[in-house]
């Protein structure tokens, strides 16, 4: 659908035919400033590829005689010139911001050029596929209960799902701890669960057949309660935080590998870097340490002007997010140590949680309130060679959503929140009233509350690979495993037939109109929740998602 000269331009860029690509620019746009910017980007790639080939003469000629005469982006020219001083073999530290040369980066160049040209002229790659995906995503966004572990979408009919897709039934109670359970966390692959307790132990559990949990190891030897757990990205090691000490354990054997006592005050948080070897830890002693888990040695120490209450790190290890006791959230980019902050909060911060893809940040306040911050491009990898604004300059000025629970009463303890479900579209948090609260992330609607615990729910963890499974830890010395009815009924022909035969008269339980004329309600009810009564494991109040009534056992 695009003109021939546009296709020729794309071919020239991807083939490294720089002169041919630049000669075609006047046919793509008549705006001289856009042509200059595009020429600069193309010549920048030519320069970087010459450096990659160690052809310093060609690189210098390109810089002096082709890029400099354009008279644009002078600061960028200085940064590019500095790359000539880098060692020929490549100094990783000096080239942190370098996108690098080579054909592998020409696609990125093409995307930068495309952003400067009219979209109807140079059609984005895979545009039709993007439009289809947007249509399907729109269907899912309209369904508050979407939590499918596998695709059931079709362009031939609208998508719908019910409460049966969310973990609302207790299927197992873990009661091996002898005191309050303060933290719970699933491994990244979803096959293990870790729990930390006031009884000064941590327990590693294996998830058997994705449903039942069995004890793997009991991690003992802590002199104080285990307040925090952190799995390494490869799930081969786990950190337990107890008082001023962090301990690194081997997950396969349950053996203690390292004991780290760098902090002078209690450790409040820790987070692994993506290499599964280094981690950072924070404390109220105003210090952040970068530690090598293989030997327990301190690699770096960063003094902060604030006390660290909690922390998280992006999946690529690029940005460290820290909550302070001074009611602020700070974002520290580790590549250049630039630090910015979100607007100050109106109440003390207790914990935070970063969505796995880094797009969203949850901030829990001690006034029974959660705030969702849409960080978006602020967490994207950044290089000055992109010639664009620094993403850290585009932080939001207000939260995208606010979730409230327990009637807004002050929170006395540290209660940990989190994301979960398919595409992390749900927000989950425990309460001092013994409830587990689940909201839809985007709409802010409280979908339901889970009852069963008899004490404060200190932490919750949604299985990252099984969206039907949720774990909650409580002061009642137990951990509850919650499972969706969809998971329990899957594979059972009898259960499938029973669900198919359900009458639409149950629509009033969901707070939806039962009118035969309401075609939309009928469509939503085509996949019913499940039979009511004793054998369903849930009563009518449990199914009243719209009213957010508690789920009974």
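Each Cβ is built from the backbone N, Cα and C atoms, and glycine gets one as well.
TrEMBL: automatically predicted annotations, no manual curation.
As annotated by TrEMBL, domain 'CTLH' applies to 16-58. As annotated by TrEMBL, repeat 'WD' applies to 174-215, 219-259, 260-301, 450-482. Annotation source TrEMBL lists region 'Disordered' at 531-553.
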Tally of residues which DSSP labels helix, strand or coil - the repeat 'WD' (260-301): 0 helix, 24 strand, 18 coil
The domain 'CTLH' (16-58) - residue tally per DSSP class, helix then strand then coil: 35 helix, 0 strand, 8 coil
Residues in the repeat 'WD' (450-482) grouped by DSSP into helix, strand and remaining coil: 0 helix, 17 strand, 16 coil
Within the predicted model, mean pLDDT of the domain 'CTLH' (16-58): 92
Helix, strand and coil counts within the repeat 'WD' (174-215) (DSSP): 0 helix, 24 strand, 18 coil
The repeat 'WD' (219-259), counted residue by residue under DSSP: helix, strand, coil: 0 helix, 21 strand, 20 coil
